[in-house]
Amino acid sequence: MSNGYEDHMAEDCRDDIGRTNLIVNYLPQNMTQEELRSLFSSIGEVESAKLIRDKVAGHSLGYGFVNYVTAKDAERAISTLNGLRLQSKTIKVSYARPSSEVIKDANLYISGLPRTMTQKDVEDMFSRFGRIINSRVLVDQTTGLSRGVAFIRFDKRSEAEEAITSFNGHKPPGSSEPITVKFAANPNQNKNMALLSQLYHSPARRFGGPVHHQAQRFRFSPMGVDHMSGISGVNVPGNASSGWCIFIYNLGQDADEGILWQMFGPFGAVTNVKVIRDFNTNKCKGFGFVTMTNYEEAAMAIASLNGYRLGDKILQVSFKTNKSHK
């Protein structure tokens, strides 16, 4: 099972044969389908616009598809609207790709990179293997330097395989240690769950402000007993159509949704936040939930924020299991 928008691409884009169909990522959660159509109609005639929503709850998942009548208008929409700032989001506009086995599982996890390498450096290094759909270098928010970890999604799995064969164990210029290049984890495959543990144990200062680092002994492992007891698949983190749900425990009474947006937003696309409140006092009961569209971004948010201090509270952050928290 793929994560993010690729599941929907199978049903929404399978008949697309031209370059008129676009996918729009990182939309504001309160943006409507009509507003999506209106925005893209300013470029040219839109044949269809579809905002993808949670099939049960009905809320926006933060992305949609726009199909133009002409390929020229679609190309102009990408050059005009890609990177547009909408509310607190910067939208990404690109061609939608029909789902097929050829393009599945083409996402790489790279670690051990020199801290001086930028996103452009990483793309330049890997572009010889094929077309890069997107890339992300994880940056320490305090120092502004790379954390030596990156994700790259190729157009085809064969391109990703070639990159692994050529670069796994390779020493890039400026590095005294070999880098690790492998397929990014699919959390529905137990053999790949070690990635979360790797992310969790890595240096994890990602969020500035009132969050302060705590000693490792205070950290609550997202791979703890409650999660590992479900290794058969019952309680391991899995993604429903709504994305990857993260459980945050030990929030202060005054915590609100704005704090969660501020904390998790820097890691990637957040589609929903919820603080659980006491019915009588309307104060936070100490926990909340955040839903993110991308597994790697959710895993990194957990690795960075679990065990950190918010106010006078030490947060416990983990993937939500199938067990209900009351």
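Positions of Cβ are set from backbone N, Cα and C atoms, glycine also.
Per Swiss-Prot, the features are as follows:
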type	residues	note
CROSSLNK	Lys191	SUMO2 cross-link
DOMAIN	20-98	domain 'RRM 1'
DOMAIN	106-186	domain 'RRM 2'
DOMAIN	244-322	domain 'RRM 3'
MOD_RES	Ser2	phosphoserine
MOD_RES	Ser2	N-acetylserine
MOD_RES	Ser100	phosphoserine
MOD_RES	Ser158	phosphoserine
MOD_RES	Ser197	phosphoserine
MOD_RES	Ser202	phosphoserine
MOD_RES	Arg206	omega-N-methylarginine
MOD_RES	Arg217	asymmetric dimethylarginine
MOD_RES	Arg217	omega-N-methylarginine
MOD_RES	Ser221	phosphoserine
MOD_RES	Ser318	phosphoserine
Ser158 (phosphoserine) - helix vs strand vs coil (DSSP): helix
Ser318 (phosphoserine) to Ser158 (phosphoserine) - Cα separation in whole Å: 33
Winner by Cβ contact number (other Cβ atoms within 10 Å) across the modified residues Ser158, Ser318: Ser318
PLDDT averaged over every residue in the domain 'RRM 3' (244-322): 85
Three-state composition of the domain 'RRM 3' (244-322), taking helix and strand from DSSP: 22 helix, 31 strand, 26 coil
